[in-house]
Amino acid sequence: MNPLSQSALVPLRKKAKMAPISQSFCQHNVKFKEIVLFLVERKMGSSRRTFLMELARKRGFQTEIELSDSVTHIVAENNSGAEVLEWLQSKKLGFTVKTHILDISWFTECMEAGRPVEIQNRHLLPVQQDCSANFNPPLSSSCVQVSQYACQRCTTLQDTNRIFTDAFDILAEHFEFCENKGRTVAFLRASSLIKSLPFPITAMKELEGLPWLGDQMKGIIEEILEEGKSYKVLEVMNEERYKSFKQFTSVFGVGLKTSDKWFRMGFRTLEEIKNEKELKLTKMQKCGLLYYEDITSYVSRAEAETTEQLIKSIVWKFVPDAIVTLTGGFRRGKKKGHDVDILITCARKGKEKNILHNTMSVLKNRGLLLFYNIIESTFDETKLPSRHVDALDHFQKCFTILKLPKRQMDIGNIIDPHECERKNWKAVRLDLVITPYEQYPYALLGWTGSRQFERDLRRYATHEKRMMLDNHGLYDKTKNNFLKANNEEDIFKQLGLDYLEPWERNA
């Protein structure tokens, strides 16, 4: 038996080197950096697995020979979710909450399309059902442990439970309109948690042990599972106050206080607001109504990147080494958004101070500004970071409505304001934020978002690390000093957190 056993081990040693695959990997360009594949060998076989991994690399995908924390998608063939978990356990391998466990059909469709395809429910291998007791799951009936903090969860744009998160987002918005902060935060937390789950919710038992899901949230989920909809959500969407506030707050320059004032005055629609000549509006609100159709339509990634290039071309004329960064949802990988946020700094101390006013002058002279409001810096370096998780920062900034030419080639050519009179442009909301270089990593982290991610990051710093974090810096209360950071990775490290890429922060 010994000679047979030894001979059987020989080819396994040769395969372990995997030199040809490693070399091949280096030869292929990676097109989809946000995706790392791991193919389960069980029922697939070594030869087929090697072939499929090489095929994926040729298509621009990253693959891992061994399962690691970098893996985002586990692909299995002819296996159930429970079987995959059992195989991982037998190999003493694990996976994180950010990992999708998928059937080979998803992989096949990706190879045919030459790009990652959207994950559908039919692609998912449920990991919640029939979980073996041998796995010793950390939660009562859940095979996935989920942190109460969004900054400890990977949340991509692939929301497999959108029917539930959309419902919670509507209810959160409803309570925000009612100025009920407690219930607003509760539904935002619940929505954020569900967005991070790597499996579709199909039964109530899958929710056991998960944080932030109270009886009311569970009741809504159960109703949707049984009825396909939530009557509470439908009731809210039909409420007169909700519908009016939804319209009012969509106007640039209109917040909750103004919406409440208009509602108490008897206004219910934007048409009524527009037709009331005696109503006093701020300049910002007038512009918001004047360019309402453009502003409320989505900004595409192409439009956001065109705006970024426009700002870069202007800023670099004054400060060639300035750092100009597109932030917000677009930095998190979104294909569309409501506005464009751009962060500007310079490594040479003090060089950033005149950038904003100079940039506004150029835009104004080119006839590309429909509205702008500059807010000067109110930062006080003697003060500690704010204790409030929703606190605004104190950077110099400008809120604008930009007249963006629809053809990118027009950007550098427009000098005469009259050239913009024809409607060959689109009104786009643009926020420019100027930050000192030493505060740039914190500003970049804060302006990248998402809102719930940043809220939980600050809460985590306060409650778990006795630190104070905002867009200006990180203060360690145990050492009574500010901590320096050269980049976002340093901030995560100082907080003792695993680094999450921007596209993993869509909480």
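Residue numbering: from 1, along the chain as shown.
Cβ atoms are placed via backbone N, Cα and C, with glycine included.
Feature annotation from Swiss-Prot assigns motif 'Nuclear localization signal' to 11-17. Taken from Swiss-Prot, the feature domain 'BRCT' covers 27-124. Residues or ranges marked as region 'Involved in DNA binding' in Swiss-Prot: 254-258. Here Swiss-Prot flags GLY329, PHE330, ARG331, ARG332, GLY333, LYS334, HIS338, ASP339, VAL340, ASP341, GLY446, TRP447 as 2'-deoxyribonucleoside 5'-triphosphate binding site. The Mg(2+) binding site annotation in Swiss-Prot covers ASP339, ASP341, ASP431, and the record cites similarity to another entry as its basis.
Annotated features taken from Swiss-Prot, shown on the structure.
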residue	record	DSSP class
GLY329	2'-deoxyribonucleoside 5'-triphosphate binding site	helix
HIS338	2'-deoxyribonucleoside 5'-triphosphate binding site	coil
ASP431	Mg(2+) binding site	strand
GLY446	2'-deoxyribonucleoside 5'-triphosphate binding site	helix
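The binding-site residues near ASP339 (Mg(2+) binding site), taking a 10 angstroms Cα-Cα threshold over the set GLY329, GLY333, GLY446, are GLY329. When the Cα positions of GLY329, PHE330, ARG331, ARG332, GLY333, LYS334, HIS338, ASP339, VAL340, ASP341, GLY446, TRP447 are compared pair by pair, the longest gap among these 2'-deoxyribonucleoside 5'-triphosphate-binding residues is 18 Å. The candidate set comprises the binding-site residues ARG331, HIS338. Of these, ARG331 has the most other Cβ atoms within 10 Å.
Taking CA atoms as the reference points, ASP431 (Mg(2+) binding site) and VAL340 (2'-deoxyribonucleoside 5'-triphosphate binding site) are 6 Å apart. Ranking the binding-site residues ASP341, ASP431 by how many other Cβ atoms lie within 10 angstroms of each Cβ puts ASP431 at the bottom. Proximity of VAL340 (2'-deoxyribonucleoside 5'-triphosphate binding site) to non-local residues of its own chain (separation of 6 or more, Cβ distance below 8 Å) is seen for VAL299, GLU303, ALA304, THR307, GLU308, LEU326, GLY328, PHE330, LEU402, VAL428, ARG429, LEU430, ASP431, given in sequence order. Here the Cβ of GLY333 (2'-deoxyribonucleoside 5'-triphosphate binding site) has 16 other Cβ atoms within 10 Å, regardless of which shown protein chain they belong to. Around the Cβ of GLY329 (2'-deoxyribonucleoside 5'-triphosphate binding site), 24 further Cβ atoms fall within 10 Å across all displayed protein chains. Cα of GLY446 (2'-deoxyribonucleoside 5'-triphosphate binding site) to Cα of ASP341 (Mg(2+) binding site): a distance of 12 Å. Counting every protein chain shown, 24 other Cβ atoms lie within 10 Å of the Cβ of GLY446 (2'-deoxyribonucleoside 5'-triphosphate binding site).
Note: the Mg(2+) site is recorded as ASP339, ASP341, ASP431; in the same chain, THR327, GLY328, VAL340, ILE342, PHE399, ARG429, LEU430 also have Cβ atoms within 8 Å of that site's Cβ centroid.
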